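The domain 'FtsX extracellular' annotation in TrEMBL covers 59-152. According to TrEMBL, the feature domain 'ABC3 transporter permease C-terminal' maps to 178-295. Taken from TrEMBL, the feature transmembrane segment applies to 21-44, 171-197, 218-245, 265-289.
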Amino acid sequence: MSLNAIGHLLRETGRSLTKNAWMALASVSTVTIALFVLAVFVVVSANVNHVTQLLENQVEMRVFIKPHVSRQQEMALYREAKAWPQVRRIDYFTKQQAADNLKSEFPDQQDLFQVIQKSNPLFDGFDIYTKTPRQIPVVASRMSKDPIVHNVVYQGTVVRRLTRLGNILKWSGWVVEALLAIATMLIIVNTIRLAVFARRREIQVMRLVGATDWFIRWPFILEGLTIGLIGAVVSDMVIGSGYRWVIKRAATSLPFWPMAGWHQVMAQTTLFTVAGGLIVGGLASLIAVRRFLKI
(Lines of atoms letter the chains of each structure in order from A and count residues from 1; the text may use other names and numbers.)
(Lines give C-alpha, C1' and ligand atoms only; values in the text may rest on other atoms or scores of the structure.)
Protein backbone atom coordinates (compact mmCIF):
# COMPACT_ATOMS: atom_id res chain seq x y z
CA MET A 1 0.00 0.00 0.00
CA SER A 2 1.42 3.40 -1.04
CA LEU A 3 1.91 6.38 1.24
CA ASN A 4 -0.83 8.24 -0.62
CA ALA A 5 -3.27 5.40 0.05
CA ILE A 6 -2.31 5.33 3.73
CA GLY A 7 -2.75 9.10 3.95
CA HIS A 8 -6.17 8.80 2.31
CA LEU A 9 -7.25 6.12 4.80
CA LEU A 10 -6.15 8.22 7.77
CA ARG A 11 -7.89 11.34 6.44
CA GLU A 12 -11.10 9.43 5.81
CA THR A 13 -10.95 7.92 9.29
CA GLY A 14 -10.55 11.34 10.88
CA ARG A 15 -13.33 12.82 8.78
CA SER A 16 -15.70 10.01 9.71
CA LEU A 17 -14.96 10.44 13.42
CA THR A 18 -15.52 14.21 13.36
CA LYS A 19 -18.61 14.00 11.17
CA ASN A 20 -20.29 11.63 13.65
CA ALA A 21 -18.71 13.17 16.73
CA TRP A 22 -21.58 12.51 19.13
CA MET A 23 -21.93 8.84 18.24
CA ALA A 24 -18.14 8.47 18.29
CA LEU A 25 -18.07 10.06 21.74
CA ALA A 26 -20.79 7.69 22.94
CA SER A 27 -18.83 4.73 21.58
CA VAL A 28 -15.58 5.91 23.19
CA SER A 29 -17.39 6.41 26.52
CA THR A 30 -18.90 2.94 26.40
CA VAL A 31 -15.57 1.34 25.49
CA THR A 32 -13.87 3.29 28.29
CA ILE A 33 -16.39 2.08 30.88
CA ALA A 34 -16.13 -1.53 29.71
CA LEU A 35 -12.33 -1.46 29.70
CA PHE A 36 -12.25 0.31 33.07
CA VAL A 37 -14.26 -2.55 34.57
CA LEU A 38 -11.85 -5.00 32.94
CA ALA A 39 -8.91 -3.04 34.37
CA VAL A 40 -10.41 -3.13 37.88
CA PHE A 41 -10.73 -6.92 37.67
CA VAL A 42 -7.12 -7.17 36.45
CA VAL A 43 -5.85 -4.96 39.30
CA VAL A 44 -7.79 -6.86 41.99
CA SER A 45 -6.79 -10.26 40.56
CA ALA A 46 -3.15 -9.19 40.32
CA ASN A 47 -3.15 -8.19 43.99
CA VAL A 48 -4.88 -11.39 45.11
CA ASN A 49 -2.34 -13.45 43.14
CA HIS A 50 0.49 -11.33 44.57
CA VAL A 51 -0.61 -11.94 48.16
CA THR A 52 -1.23 -15.64 47.44
CA GLN A 53 2.28 -16.08 46.05
CA LEU A 54 3.78 -14.28 49.03
CA LEU A 55 1.86 -16.50 51.43
CA GLU A 56 2.83 -19.62 49.50
CA ASN A 57 6.50 -18.66 49.81
CA GLN A 58 6.10 -17.81 53.49
CA VAL A 59 3.83 -20.68 54.52
CA GLU A 60 5.49 -22.57 57.28
CA MET A 61 4.41 -25.48 59.36
CA ARG A 62 5.03 -25.10 63.05
CA VAL A 63 5.47 -28.37 64.91
CA PHE A 64 5.29 -28.34 68.72
CA ILE A 65 7.04 -31.07 70.70
CA LYS A 66 5.50 -32.55 73.84
CA PRO A 67 6.97 -31.48 77.19
CA HIS A 68 9.59 -33.66 78.90
CA VAL A 69 10.87 -35.06 75.59
CA SER A 70 14.66 -35.38 75.57
CA ARG A 71 16.85 -33.29 73.27
CA GLN A 72 18.13 -36.51 71.66
CA GLN A 73 14.58 -37.48 70.65
CA GLU A 74 13.95 -33.98 69.27
CA MET A 75 17.17 -34.05 67.22
CA ALA A 76 16.37 -37.53 65.93
CA LEU A 77 13.01 -36.30 64.59
CA TYR A 78 14.73 -33.16 63.23
CA ARG A 79 17.23 -35.22 61.21
CA GLU A 80 14.51 -37.58 60.01
CA ALA A 81 12.24 -34.76 58.80
CA LYS A 82 15.13 -32.92 57.16
CA ALA A 83 15.69 -35.95 54.91
CA TRP A 84 12.08 -36.06 53.69
CA PRO A 85 11.82 -35.21 49.96
CA GLN A 86 9.00 -32.68 50.55
CA VAL A 87 10.96 -30.60 53.09
CA ARG A 88 12.83 -27.58 51.75
CA ARG A 89 14.01 -26.27 55.11
CA ILE A 90 13.55 -27.04 58.80
CA ASP A 91 14.50 -24.84 61.76
CA TYR A 92 14.64 -25.98 65.36
CA PHE A 93 13.66 -23.66 68.23
CA THR A 94 13.50 -24.03 71.99
CA LYS A 95 10.67 -22.77 74.15
CA GLN A 96 12.99 -20.02 75.43
CA GLN A 97 13.63 -18.86 71.87
CA ALA A 98 9.88 -18.90 71.27
CA ALA A 99 9.40 -16.69 74.33
CA ASP A 100 12.12 -14.29 73.14
CA ASN A 101 10.46 -14.05 69.73
CA LEU A 102 7.12 -13.21 71.35
CA LYS A 103 8.79 -10.53 73.43
CA SER A 104 10.34 -8.89 70.36
CA GLU A 105 7.08 -9.06 68.38
CA PHE A 106 4.85 -7.77 71.22
CA PRO A 107 6.99 -5.50 73.41
CA ASP A 108 3.93 -3.91 75.07
CA GLN A 109 2.72 -7.16 76.68
CA GLN A 110 4.93 -6.96 79.78
CA ASP A 111 2.42 -8.74 82.04
CA LEU A 112 2.39 -11.72 79.74
CA PHE A 113 6.18 -11.90 79.67
CA GLN A 114 6.38 -11.87 83.45
CA VAL A 115 4.14 -14.95 83.53
CA ILE A 116 6.23 -16.64 80.84
CA GLN A 117 9.48 -15.92 82.70
CA LYS A 118 8.13 -17.53 85.88
CA SER A 119 6.79 -20.64 84.19
CA ASN A 120 7.30 -20.88 80.45
CA PRO A 121 4.24 -22.72 79.02
CA LEU A 122 5.59 -22.72 75.45
CA PHE A 123 7.01 -25.71 73.58
CA ASP A 124 10.17 -26.66 71.75
CA GLY A 125 9.50 -27.28 68.09
CA PHE A 126 10.33 -26.96 64.41
CA ASP A 127 9.47 -24.51 61.65
CA ILE A 128 9.15 -26.57 58.48
CA TYR A 129 9.04 -25.15 54.92
CA THR A 130 7.92 -27.47 52.14
CA LYS A 131 8.98 -27.24 48.50
CA THR A 132 5.39 -26.58 47.39
CA PRO A 133 2.25 -25.59 49.37
CA ARG A 134 0.48 -28.78 48.25
CA GLN A 135 3.02 -30.84 50.18
CA ILE A 136 2.14 -29.20 53.51
CA PRO A 137 -0.80 -31.52 54.39
CA VAL A 138 1.34 -34.57 53.59
CA VAL A 139 4.16 -33.48 55.90
CA ALA A 140 1.70 -32.30 58.56
CA SER A 141 -0.06 -35.65 58.59
CA ARG A 142 3.24 -37.50 58.85
CA MET A 143 4.46 -35.24 61.65
CA SER A 144 1.26 -35.45 63.68
CA LYS A 145 1.57 -39.25 63.82
CA ASP A 146 4.92 -39.09 65.60
CA PRO A 147 4.52 -39.92 69.31
CA ILE A 148 6.64 -36.98 70.54
CA VAL A 149 4.65 -34.35 68.57
CA HIS A 150 2.13 -32.32 70.58
CA ASN A 151 0.53 -30.29 67.75
CA VAL A 152 1.02 -29.19 64.12
CA VAL A 153 -0.12 -25.75 62.92
CA TYR A 154 0.00 -24.31 59.39
CA GLN A 155 -1.76 -21.69 57.23
CA GLY A 156 -2.74 -23.86 54.29
CA THR A 157 -6.40 -22.87 54.68
CA VAL A 158 -5.60 -19.19 54.05
CA VAL A 159 -3.72 -19.99 50.85
CA ARG A 160 -6.51 -22.25 49.58
CA ARG A 161 -9.14 -19.58 50.23
CA LEU A 162 -7.11 -16.90 48.46
CA THR A 163 -6.53 -19.21 45.50
CA ARG A 164 -10.27 -19.93 45.34
CA LEU A 165 -11.00 -16.18 45.52
CA GLY A 166 -8.59 -15.54 42.66
CA ASN A 167 -10.34 -18.15 40.50
CA ILE A 168 -13.77 -16.71 41.30
CA LEU A 169 -12.59 -13.21 40.38
CA LYS A 170 -11.08 -14.45 37.15
CA TRP A 171 -14.18 -16.26 35.92
CA SER A 172 -16.68 -13.67 37.11
CA GLY A 173 -14.53 -11.01 35.45
CA TRP A 174 -14.66 -12.83 32.12
CA VAL A 175 -18.45 -13.19 32.33
CA VAL A 176 -18.98 -9.49 33.13
CA GLU A 177 -16.56 -8.45 30.41
CA ALA A 178 -18.27 -10.66 27.83
CA LEU A 179 -21.59 -8.93 28.54
CA LEU A 180 -19.99 -5.48 28.43
CA ALA A 181 -18.15 -6.35 25.22
CA ILE A 182 -21.41 -7.31 23.52
CA ALA A 183 -23.07 -4.04 24.58
CA THR A 184 -20.02 -2.05 23.48
CA MET A 185 -19.87 -3.78 20.11
CA LEU A 186 -23.54 -2.98 19.44
CA ILE A 187 -22.90 0.73 20.03
CA ILE A 188 -19.78 0.75 17.83
CA VAL A 189 -21.67 -1.15 15.11
CA ASN A 190 -24.36 1.54 15.12
CA THR A 191 -21.70 4.26 15.01
CA ILE A 192 -20.04 2.68 11.97
CA ARG A 193 -23.42 2.11 10.32
CA LEU A 194 -24.24 5.81 10.63
CA ALA A 195 -20.87 6.70 9.15
CA VAL A 196 -21.38 4.27 6.27
CA PHE A 197 -24.93 5.54 5.68
CA ALA A 198 -23.73 9.16 5.59
CA ARG A 199 -21.19 8.27 2.89
CA ARG A 200 -23.31 5.77 0.95
CA ARG A 201 -23.27 7.78 -2.30
CA GLU A 202 -19.52 8.31 -2.10
CA ILE A 203 -19.04 4.58 -1.51
CA GLN A 204 -21.21 3.75 -4.53
CA VAL A 205 -19.11 6.05 -6.72
CA MET A 206 -15.90 4.47 -5.41
CA ARG A 207 -17.21 1.01 -6.28
CA LEU A 208 -18.22 2.16 -9.76
CA VAL A 209 -14.71 3.46 -10.49
CA GLY A 210 -13.14 0.16 -9.39
CA ALA A 211 -12.26 0.63 -5.72
CA THR A 212 -11.95 -2.70 -3.96
CA ASP A 213 -14.19 -3.60 -1.05
CA TRP A 214 -11.24 -3.59 1.34
CA PHE A 215 -10.13 -0.12 0.20
CA ILE A 216 -13.64 1.09 1.07
CA ARG A 217 -13.77 -0.85 4.33
CA TRP A 218 -10.44 0.20 5.80
CA PRO A 219 -11.40 3.76 6.91
CA PHE A 220 -14.36 2.37 8.85
CA ILE A 221 -12.29 -0.46 10.32
CA LEU A 222 -9.68 2.10 11.39
CA GLU A 223 -12.49 4.15 12.92
CA GLY A 224 -13.53 1.19 15.08
CA LEU A 225 -9.92 0.46 16.02
CA THR A 226 -9.38 4.13 16.91
CA ILE A 227 -12.46 4.17 19.13
CA GLY A 228 -11.23 1.05 20.92
CA LEU A 229 -7.70 2.43 21.31
CA ILE A 230 -8.90 5.78 22.68
CA GLY A 231 -11.13 3.96 25.18
CA ALA A 232 -8.15 1.84 26.28
CA VAL A 233 -5.89 4.87 26.74
CA VAL A 234 -8.50 6.77 28.76
CA SER A 235 -9.30 3.78 30.99
CA ASP A 236 -5.57 3.14 31.56
CA MET A 237 -5.02 6.77 32.55
CA VAL A 238 -7.88 6.63 35.04
CA ILE A 239 -6.96 3.25 36.53
CA GLY A 240 -3.26 4.16 36.62
CA SER A 241 -3.88 7.36 38.57
CA GLY A 242 -6.38 5.61 40.84
CA TYR A 243 -4.09 2.69 41.61
CA ARG A 244 -1.16 5.00 42.35
CA TRP A 245 -3.40 6.80 44.88
CA VAL A 246 -4.49 3.46 46.40
CA ILE A 247 -0.84 2.40 46.83
CA LYS A 248 -0.01 5.65 48.63
CA ARG A 249 -3.04 5.36 50.90
CA ALA A 250 -2.31 1.72 51.66
CA ALA A 251 1.28 2.57 52.60
CA THR A 252 -0.02 4.73 55.47
CA SER A 253 -3.36 3.12 56.36
CA LEU A 254 -2.53 -0.55 55.70
CA PRO A 255 1.26 -0.84 55.93
CA PHE A 256 1.02 -4.58 56.61
CA TRP A 257 -0.83 -5.28 53.33
CA PRO A 258 1.60 -6.13 50.50
CA MET A 259 0.32 -4.29 47.42
CA ALA A 260 1.46 -5.42 43.98
CA GLY A 261 3.82 -2.95 42.31
CA TRP A 262 2.39 -0.18 40.11
CA HIS A 263 4.53 -1.01 37.06
CA GLN A 264 3.79 -4.73 37.35
CA VAL A 265 0.03 -4.19 37.56
CA MET A 266 -0.14 -1.51 34.87
CA ALA A 267 1.83 -3.66 32.43
CA GLN A 268 -0.85 -6.36 32.74
CA THR A 269 -3.69 -3.83 32.70
CA THR A 270 -2.42 -2.02 29.60
CA LEU A 271 -1.97 -5.31 27.75
CA PHE A 272 -5.54 -6.42 28.48
CA THR A 273 -7.22 -3.06 27.84
CA VAL A 274 -5.40 -2.25 24.59
CA ALA A 275 -5.95 -5.76 23.25
CA GLY A 276 -9.59 -5.68 24.37
CA GLY A 277 -10.21 -2.25 22.86
CA LEU A 278 -8.67 -3.16 19.51
CA ILE A 279 -10.48 -6.51 19.32
CA VAL A 280 -13.90 -5.09 20.22
CA GLY A 281 -13.49 -2.04 17.98
CA GLY A 282 -12.12 -4.06 15.07
CA LEU A 283 -14.78 -6.77 15.23
CA ALA A 284 -17.62 -4.27 15.57
CA SER A 285 -16.47 -2.26 12.55
CA LEU A 286 -15.97 -5.42 10.48
CA ILE A 287 -19.50 -6.60 11.28
CA ALA A 288 -21.03 -3.23 10.40
CA VAL A 289 -19.14 -2.70 7.14
CA ARG A 290 -19.51 -6.26 5.85
CA ARG A 291 -23.27 -6.09 6.37
CA PHE A 292 -23.49 -2.78 4.53
CA LEU A 293 -21.41 -3.87 1.55
CA LYS A 294 -23.61 -6.93 1.04
CA ILE A 295 -26.61 -4.73 0.27
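Glycine is treated like the rest: Cβ placed from N, Cα and C.
Where the annotation comes from TrEMBL, it is an automatic prediction and has not been curated.
Counting residues of the domain 'FtsX extracellular' (59-152) by DSSP class, helix then strand then coil, yields 44 helix, 22 strand, 28 coil. When Cβ-Cβ distances below 8 Å are used as the criterion, the transmembrane segment (21-44) is approached by residues 169-170, 172-173, 176-177, 180-181, 183-184, 187-188, 190-191, 194-195, 223, 227-228, 230-232, 234-236, 238-239, 243, 265, 268-269, 272-273, 276-277, 280-281 of the same chain, each at least six residues removed from its ends. Confidence annotation: the domain 'FtsX extracellular' (59-152) carries a mean pLDDT of 84 in the model.
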